[in-house]
Amino acid sequence: VGNLASMSTNGSLTFISFFSFALQSFRRFGNTLSEYFHLLWFWHRALKIIGANFGTSVLSYFIFLKWLLTFNIFSFLINFSFIIIPQFVAAEPNNLSFTGLELLTGAGYFQQTVLYYGFYTNATIHKIENGPSYNMQLAYIFTVGLYFVICFFTLLFSMAKSFCKNFMDLQTYSGNASKILCTWDFNISNEKAVKLKQKNLSTQIKVQNAGAAMLVLPIVASLLNAFIPFFYSWLGCLERYQTPGYHVYVTIIRNIILKISIVGILCYYWVNVVAESESQCWETLVGQDIYRLVLVDFIFCLLGSFFGEFLRRIIGTTFCVSLGLPEFDIGRNVLDLIYAQTLTWIGILFSPLLPGIQFISFSIVFYVKKVSLMMNCQPPRKVWKTAQMTTSFMFLLFFPSFVGVLSVIGVTVWRLKPSEECGPFRGLSSMYAAVSEWIKTLENHTASKWVVWIYHNLITSVLFFFILSVLAFGKNCLRHSHSSLKTKNYKDLESVVLLQIIGILLNTRQQAHEGNIDLNLLVNFVFRIPILAGSRTGLASHQVSTNC
Amino acid sequence: MGNKQTIFTDEQLDAYQDCTFFTRKEILRLHGRYHEMAPNVVPMDYTKDPDVKLPMQLIINMPELKENPFKERIVESFSEDGEGSLSFNDFVDMFSVLSEMAPRELKAIYAFKIYDFNTDNFICKSDLEQTLNKLTREELTAEEITLVCEKVIEEADMDGDGKLGFADFENMISKAPDFLSTFHIRI
């Protein structure tokens, strides 16, 4: 490995200088491109106003919402280009009449439109004689599949980055030093918000100096029955000023369990009852259910703003002045977003237009929440560990939410029988059969043997995906972690580390192929990555040119 | 690419793009903000690199800085002459470091400068006392201030010299994950 490392060093240095030149040109190109997106200016202004008046913690909700918006617009764009437009070309006329009620129920006129799975043809579309044809079955399953793969890796990368920036190598002490020197929010430029924060800080310091422990949460009494285990495990590692934070955690956990139960029961119902029923087009029925759920959730979100913020402000300023202005409930709102996004992800397979609808609904929610925030809420008084909470929410988005969606979609695509009379997969034994049959036809052509090889050795290889995910997570984590070791020749270390990882990967693959897969080998591989990470420096990845 | 601006040459804009975390459009917008603070003093034509500096009084009245307790120290840390007057380059530098794309190490350097009131390259007890006063609007008594400052030095001073050097400060920053998002001004 030593020789290999030195050989690779020279090669990697020239590679890296070329790479940094490429990076610089790419950055300039990206900047020029972004200037043409005037919309970005709208987000920038909105986020600036929110941050200036309410601080970074509340801002993190709106940034999370904006992030979810990009998932939806991307899904809408690829669905539109690859599934919806071809379907428009091959569409059958819609005989049903439109009454206004369909907007609420999603049934009726909408059943014969591109909104639902049932309308899509299973034919190969030929518009031009002897011209290229378009296989709708493959297009449908590959578009949805590709979208989920991209989502998976995007979430994985973001989680790795966020986790390693905010959790690794931290014994977060919220001691005085950190409070005084690291937590002043420079974003806030509203006079009242600044005064409020200053008052909070001086109160905290006074209370701390007076020795008050403040360990008893008023709300613990009512949650004691359900959450004794959680409470005791946290009591063990309580830090002095963080007690309001644990009240937030407990509430969030309760909400999460509630929402997981709801989605879980719904999915069970759809997969086991609706799919097995003899109805004409069960996928469209499921799609309609999800459409209604999304719509009702959107309405409840707006109502929640109305009651939770607007009415609460009226009560707090006129009838019961001791209550005061409400605070923006970041935890509950973010969980609502995650729930809505989970529903959308489940619904993509059954209703390709759903991400577009969700994009519009999220945009309206952004606007309504922003207006409600400005009109009704006061800046937060509680301490909210923004970076760590954002990481936790990202994990929540990945773990119960995205992984759950993948399992439901997996069961639907691999196990359930598509309905006989509608949709792009009619008549097949499962949706996945479209792909396996296509591979079988490819096997007969020698020119496409490489596609078949990729399919059998990589795509169906679970091991490959596991290793790829761990690699992606580890590599992205390396880029963003903060090791206090700084070595001058970190660029050499990076290439050595990469070579070692590739070597381990190839070795593992070889062993697995020979049937020698050893659990020890795998575990060894998995744990070597953090050790390799520890030897790498924490210098930031931004390349600054030398003539500055 | 079709831009008709005559404020900067293309080479200047490219140089700004490479040396800061801003795009061309943002740099032009920053110039607009710089210009509107003193329209009679700041020229619209920067192609000849004019030597124009705005005094601190004008800069700290910007809405982004007006309510910040550390506004004077921020402006002083980025001014070349140390007195608080900023040329356009200093102005862009300041908002570049305070933007969300600046890396943690860079922000730590300037945060240290800002909290170092007597510019002796150490955050000593008097610096901490001044910081604390600004953070609490002078609502604490002298004993409370002394007590907190002593606790801070106890917690963060690694080399035992009674004051915080840059290494101590950086070590503390690395344990505060919110630092990156709070040490940020959106312009």
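Cβ coordinates come from backbone N, Cα and C, glycine included.
A TrEMBL annotation is a machine prediction, not a hand-curated record.
Computed from a predicted structure; not experimentally measured.
Lifted from TrEMBL, the feature list:
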type	residues	note
TRANSMEM	A:12-30	transmembrane segment
TRANSMEM	A:42-63	transmembrane segment
TRANSMEM	A:69-89	transmembrane segment
TRANSMEM	A:139-160	transmembrane segment
TRANSMEM	A:212-234	transmembrane segment
TRANSMEM	A:246-270	transmembrane segment
DOMAIN	A:281-386	domain 'TMC'
TRANSMEM	A:290-308	transmembrane segment
TRANSMEM	A:343-368	transmembrane segment
TRANSMEM	A:389-414	transmembrane segment
TRANSMEM	A:450-473	transmembrane segment
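Residue counts for the domain 'TMC' (A:281-386) under DSSP, split into helix (H, G, I), strand (E, B) and coil, are 80 helix, 2 strand, 24 coil.
In this chain, the transmembrane segment (A:343-368) lies close to the transmembrane segment (A:69-89): three or more C-beta pairs between them fall below 8 angstroms, excluding pairs fewer than 6 positions apart. Sequence-distant neighbours of the transmembrane segment (A:389-414) (same chain, 6+ residues past either end, Cβ-Cβ under 8 Å): 57, 60, 64, 141, 144, 148, 151-152, 155-156, 158-159, 162-163, 165-167, 256, 260, 263-264, 267, 271, 275, 330-331, 334-335, 338, 341-342, 345-346, 349, 430-432. Across A:42-63, A:139-160, A:450-473, the stretch most heavily in contact with the transmembrane segment (A:69-89), judged by Cβ pairs under 8 Å, is A:139-160.
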